[in-house]
2 protein chains.
Amino acid sequence: MILRALIVSLLAVGTIAAPPAMSADEPIQPIEAHKPKNENMVELGKMLFFDPRLSKSGFISCNSCHNLSMGGSDNLPTSIGHKWHQGPISAPTVLNSSLNLAQFWDGRAKDLKDQAGGPIANPGEMGFSHALAVDVLRSIPEYRARFKQAFGSDQIDIGKVTDAIAAFEETLVTPDSRFDKWLKGDKTALTQTELEGYKLFKESGCASCHNGPAVGGASYQKMGVHEPYKTASKVEGRFSVTGKDADRFMFKVPTLRNVELTYPYFHDGAAPTLEDAVNTMGRLQLGRKFTKDENAKIVAFLKTLTGKQPEFKLPVLPPSTNETPRPKPFE
Amino acid sequence: MILRALIVSLLAVGTIAAPPAMSADEPIQPIEAHKPKNENMVELGKMLFFDPRLSKSGFISCNSCHNLSMGGSDNLPTSIGHKWHQGPISAPTVLNSSLNLAQFWDGRAKDLKDQAGGPIANPGEMGFSHALAVDVLRSIPEYRARFKQAFGSDQIDIGKVTDAIAAFEETLVTPDSRFDKWLKGDKTALTQTELEGYKLFKESGCASCHNGPAVGGASYQKMGVHEPYKTASKVEGRFSVTGKDADRFMFKVPTLRNVELTYPYFHDGAAPTLEDAVNTMGRLQLGRKFTKDENAKIVAFLKTLTGKQPEFKLPVLPPSTNETPRPKPFE
């Protein structure tokens, strides 16, 4: 009897504590808001993220290609860099990027700090150098004061610059999507069509790569499993980092959070719409042709992944001084 | 004795009630905050101001060259446009631009609404057309809803687009500079050096053109009065609007509000620092060579004209739909 009572009460506890679809049972977990450890560093990082003086031209900031008004991306197939250089790849969203196993499509940067230095010194992106970017910041008294506040020292170096940018980027998570509300127990948060789309997403195999809180970002996978991916892009993915043949066309699985906002899709930006992207993924990765109705349901589900966008005041940047090196936009 | 007491008390009252320099006696008047008539229109205009989809490339917004993080300008000698086109002229600040007698350096637009359509359709700026910009906006349900809120109709046309942008730009005034605090009676707001700079600014003739609330913006004047202005720029100022020989090299006097933030100076952006600009203006416009000390005092005064920068949340823009025409950055 004692044993039976124990089992019953355990079951009851189980029933109360576990609504039908707890995120523990699901391949996707909710995004949680980020609590920054160092507010001064976040504020400084936000200023740096918006400051075009980190580019040779004085025209391109992090926000140019990771536009926080537009889902943290530029919504272009491939990005525009210094002197209108056409980039080789589609800019991934910065939103929720702290959840990725590594940064860039090929994972060549181990974290956000490692990533942040890349575009500044890339001749086809911001076209500058770390030394010159640091010279600009050192010449501006308000920046020196803010580095002092954030780091306890006004000695500016590229390590502190990328630390601050990464600290800001870590705040760019997007909780409270309708899907997350549903995951957390609000069964009215999704429509029947959206739920059917989610079921299809799981059953047809999308969730085997697109899972976790970011609905992606957790593994590298080959682009083109059941048939090769046809593209004009010369980018070879993870192969360019490891040099291993097995890594050819392996790319980091992109997050599907806010995917409604981050068109066009794939590393080459070749899929202009979610419908295109779902069809291509089904065919190439799962060997499956979705019907129009199935496609529409999956797309409806994907649009429930749009979370609360980061909300903050546009930063006001301190002016250059007579000592600040001037931008060279046409060199 | 009664008379003497009266005089003494009058003097005392005078000291308290009428500070030596009320703004009515001064050539410069304080900037006042703007109270918008239609908040929905302002909010819509802010979104449009930040939306790069009003450009052919999908990369350039109003804020690209009138960067509200950087004094409403791009801080470049001349601006960068579609496909990195080098513009012919230095982007004037959008801050306090509602106070100008007309828009553009040559005054070819009568007001902000008239101005706002210019860059969108200029092949060397945003490179788009009014019809295509309107097509983009019409394809986005949230924009249609916001035009309906702002105008009572969701029929979008370029007139409404430029009305909304102008309504937002009217809010971009910068009150509460230290100089304005001084004008309003706070005699501790300026240092002795700054006050001496202001005295020099008035006595040497700067204030004969740089006056009013915007400290400029109220007249056209010839660039190069006492000697001709030497420049590589081919721009001819007001002449290109009127075709009159007398208008050759006549330019709208730029506002000096926030001038610390709006470097480099002049229509060709040829003066990198305030010190350069003051020297050149003294020599060419006033026939006067300022000493180093005089120059420093005037510069100190000019830096007191930096007002409270507009403060608002970065707008979040609604995503394009499958019907939205896609940008063409490399065409």
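Keep in mind that glycine also has a Cβ here, set from the backbone N, Cα and C atoms.
Residues or ranges marked as signal peptide by TrEMBL: A:1-23.
Under the heading domain 'Cytochrome c', TrEMBL lists A:40-148 (among others).
A:H66 (heme c 1 binding site) carries neither a helix nor a strand DSSP state and counts as coil. The Cβ of A:H66 (heme c 1 binding site) lies under 8 Å from the Cβ of A:F49, A:G72, A:S73, A:D74, A:A91, A:T93, A:V94, each on the same chain and at least six residues away in sequence. Sequence annotations record features per position, and here TrEMBL assigns heme c 1 binding site to A:C62, A:C65, A:H66, A:H82.
Per TrEMBL, the feature domain 'Cytochrome c' maps to A:192-306 (among others).
Positions annotated as heme c 2 binding site by TrEMBL: A:C206, A:C209, A:H210, A:M281. Cβ neighbours of A:H210 (heme c 2 binding site) (same chain, under 8 Å, six or more residues apart in sequence): A:F201, A:G216, A:V253, A:L256.
TrEMBL lists A:312-331 with the feature region 'Disordered'.
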DSSP-derived helix, strand and coil totals, residue by residue, for the domain 'Cytochrome c' (A:192-306):
52 helix, 9 strand, 54 coil
Cβ under 8 Å, sequence separation of at least 6 from the ends of the region 'Disordered' (A:312-331): give me the contacting residues as numbers and ranges.
43, 46-47, 50-53, 55-59, 83, 132, 135-136, 139-143
Hey, which of the binding-site residues A:C209, A:M281 is the loneliest by Cβ count within 10 Å?
A:C209
Centre the Cβ atoms of A:C206, A:C209, A:H210, A:M281, go out 8 Å, and tell me which other residues of that chain have a Cβ in range of the heme c 2 site.
A:F201, A:G205, A:A207, A:S208, A:G216, A:V253, A:L256, A:Q285, A:L286
Candidate nearest A:C206 (heme c 2 binding site) in space, where candidates are the binding-site residues A:C62, A:C65, A:H82 and distance is Cα-Cα:
A:C65
Candidates A:C62, A:C65, A:H82 (binding-site residues) - the one closest to A:C209 (heme c 2 binding site) by CA:
A:C65
Given a separation of at least six residues and a C-beta threshold under 8 Å, show me what packs close to A:C65 (heme c 1 binding site) in the same chain.
A:S73, A:D74, A:S79, A:I80, A:A91, A:P119, A:E125
Spatial separation of A:M281 (heme c 2 binding site) from A:C62 (heme c 1 binding site) - C-alpha basis, Å:
30
What whole-number Å value do you get for the CA-CA distance of A:M281 (heme c 2 binding site) and A:H82 (heme c 1 binding site)?
33
